[in-house]
Amino acid sequence: MAAELEYESVLCVKPDVSVYRIPPRASNRGYRASDWKLDQPDWTGRLRITSKGKIAYIKLEDKVSGELFAQAPVEQYPGIAVETVADSSRYFVIRIQDGTGRSAFIGIGFTDRGDAFDFNVSLQDHFKWVKQETEISKESQEMDSRPKLDLGFKEGQTIKLSIGNITAKKGGTSKPRASGTGGLSLLPPPPGGKVTIPPPSSSVAISNHVTPPPIPKSNHGSNDSDILLDLDSPAPVPTSAPAPAPASTSNDLWGDFSTASSSVPNQAPQPSNWVQF
């Protein structure tokens, strides 16, 4: 099932590569590119490195049609599937395999040194990733194999909790909380809140309003002196229950004013700057 979920990814593509038929290795000193016919390559085409799972594939394909010429599966690098030559960094020896399991060793070379560097680094990065994945899988297996710590309560096991300094009185009962509609407790108003007093209605009389007393009219309406006397006289202050004044005293006061006015000879009215109210 895991093999079916694996997909093939492309690691490197080089458009120009040469293939050489190499002679058998005579000793363990390694391959040498100088022993090959470098000026007469046996095949030229395109190189493509792909990966599927942990295995990398070096594919030699035709430049135009993309037809597969040879394929070299690589399970480990560096290893027997890909080897470097002793006298150059642009040439390698790879082991190709067909569908029947037969294998052969051929030499490949790049005209550009940068292409050879990319070929080498692509294989190194892939197998570095494979190594990291292997280590992660081993760690996960070790974690699964360890006995798990059981922190659950056993059957019938109880615990006792001590919460702060809270002590309950003997024989006392807890006070029920006041709850509002729907069983929700009501919170007190916030401190410093202002209480708005509604304004008084129009039907309520204002106690501070005082009706001014009427000004008594004088018998001599045309006389300016009477007007001045009326202005100089203090206004009566209303009380809660004014006592009626004796009639004789009022008549004596007005009699004095009458006597004074009768003793003054009649004179023609003079213009005054006062405005008559």
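The backbone N, Cα and C atoms fix where each Cβ goes, glycine too.
Your range for motif 'WXXF motif 2', going by Swiss-Prot and the list 10-13, 274-277, is 274-277. Given the ranges 102-105, 150-153, 254-257, the record in Swiss-Prot names 254-257 as motif 'WXXF motif 1'. When pLDDT is averaged over the motif 'WXXF motif 1' (254-257), the result is 52.
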